[in-house]
Amino acid sequence: MPAIVVVGAQWGDEGKGKTTDILGTSVDYVVKPNGGNNAGHTVVVAGEKYELKLLPAGILSPNVVPVIGNGVVVNLEALFEEIDALESRGADTSKLRISANAHLVAPYHQTIDKVTERFLGKRAIGTTGRGIGPTYMDKVGRLGIRVQDVFDESILRQKIEGSLRQKNELLVKVYNRRAVTVDEIVEYFMPFVDRLRPYVAETELLLNDALDRGEVVVMEGGQATMLDVDHGTYPFVTSSNPTAGGACVGSGIGPTRINRVIGIVKAYTTRVGAGPFPTELFDDMGEYLQKAGGEFGVNTGRPRRCGWYDAVIARYASRVNGFTDYVLTKLDVLTGIKEIPVCVAYDVDGTRHDEMPVSQTGFHHAKPIYEYFEGWDEDITGARTFEDLPENAQKYVKALEEISGCRMSVIGVGPDREQSIVCHDLLD
Ligand code: GDP
Ligand code: IMO
Ligand code: MG
């Protein structure tokens, strides 16, 4: 069984963590290929809730080797806080492996993230403030610090010097902040070095060797398609490629080794931070979805903006990722709603668009064209087969399947590991 990619189909928080977790017992490696501690993946095991940020959800399955891939940006302080919190709850984190090529978040990246947002004013992205964008900027700008650099203090010092020469100009002259010294950044990293060493490995080789042995590798993407720096609602995006192609780059696994690309999609839509969102609700219904779905960010605690299911986005995500399967999550949250609207196309300044408008302005102007589906009142949280679902819930899922670009293989009816209906095995 080759590699499997798990990708968010909307604007994040679709339930990627839960999906990786339900694959858990049959999986050997779970690699996080992109993002950093801007993510928040929730897993509920027998009523116990775990919130993972930098670590892949696979860390909760004792048989899984969790891996932080080369495409991730690592905040060492956040990493060890997360490891300590998990260890204190009895999880074993000793198998974790971290790519020597992953980049490190420094305190000045977080400062620049926050101050850039302030300077953007009304045009702010609403980032998580974790320094993710500035760390990726340094990576692409060839001024980054990698995990391997901290093991040689003189190299580390040289790299920090190179980066700070330009950063301090920016911090002092543009942003009116104090300059940062090389010493203070070296001193920030040094206490982590000994603890980090045993985790660091050539993860690209490790993962490909596992695939050669016929083992199962899951790539658990952070963020989502519409937050992708190339394919998302630029500039209201994150700074990595959360789409399926990015998972290859961020883990060192070639595209020919992948046999499943699983899109995770919520039965409605949410978004955190700024940017266009055609089906967003500003009325009581939006508040209802927020409450019923517990739509508050894991990472920053911000309320998530809520709206109806958007099939234009689902088709787009299916296309740019090449989805083989969908996992539809949170169907249970829609229970009790009389009539459920689904966006099937957009009206852009009087013209119908069945697919995503080509321009950003078009997307900002997009008004949803809805089809309406009858709801259901029965509690579905105990459903374990498709036939257990009320007829109207079955019709809703079948309708989504027809218009979303690929089959719905798993349906989520609650947050717990057990609360899933498997229509097609994701590992066969
Ligand atoms: P991720 O970032 O994609 O991993 O998703 P998050 O964990 O940020 O947000 C998804 C939330 O929905 C979490 O609180 C999950 O526990 C919860 N969840 C996942 N699947 C289901 C489901 O089918 N039903 C319900 N009610 N909650 C779910
Ligand atoms: P998971 O993996 C939802 C959003 C932020 C902001 C934009 C850029 O849990 O689905 P950044 O800090 O990355 O520079 O912020 O991206 N964002 C997320 N929204 N879920 C996430 O992760 C997100 N990670 C980043 O809110 O709008
Ligand atoms: Mg999340």
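Including glycine, each Cβ sits where the backbone N, Cα and C put it.
Source: prediction; values computed, not measured.
Residue environment of GLY40 (Mg(2+) binding site) contains 19 other Cβ atoms, counted within 10 Å of its Cβ in all protein chains. Summarising the annotation, TrEMBL assigns GTP binding site to 12-18, 40-42, ARG304, 330-332, 412-414.
Residues or ranges marked as Mg(2+) binding site in TrEMBL: ASP13, GLY40. Just so you know, the Cβ of ASP13 (Mg(2+) binding site) picks up 28 other Cβ atoms within 10 Å once every protein chain is counted.
Reduced to three states, the DSSP call for ARG302 (IMP binding site) is coil. In sequence order, GLY126, VAL272, GLY273, PHE296 make up the list of same-chain residues 6 or more apart from ARG302 (IMP binding site) whose Cβ falls under 8 Å from its Cβ. If you look up TrEMBL, you'll see ASP13, GLU14, GLY15, LYS16, ASN38, ALA39, GLY40, HIS41, THR128, ARG142, GLN223, THR238, ARG302 marked as IMP binding site.
Taken from TrEMBL, the feature active site, proton acceptor covers ASP13.
Within the same chain, the residues at least 6 positions away from HIS41 (active site, proton donor) whose Cβ sits under 8 Å from its Cβ are LYS16, GLY17, LYS18, THR20, GLU51, LEU52, LYS53, PRO56, ALA57, GLU220, GLY222, VAL298, listed in sequence order. Residues annotated as active site, proton donor in TrEMBL: HIS41.
When secondary structure is read from DSSP and collapsed to three states, LYS139 (active site) falls in the helix class. Positions annotated as active site by TrEMBL: LYS139.
TrEMBL lists VAL298, ASN299, THR300, GLY301, ARG302, PRO303, ARG304 with the feature substrate binding site.
On a Cα basis, LYS139 (active site) lies 29 Å away from GLY15 (GTP binding site).
Among the binding-site residues GLY40, GLN223, ASN299, THR300, PRO303, the ones whose Cα sits within 10 Å of the Cα of GLY12 (GTP binding site) are GLY40, GLN223. A straight line from the CA of GLY40 (Mg(2+) binding site) to the CA of ASN299 (substrate binding site) spans 5 Å. Take the Cα of ASN38 (IMP binding site) and measure to each of the recorded positions LYS139, THR300, ARG304: the nearest one is THR300.
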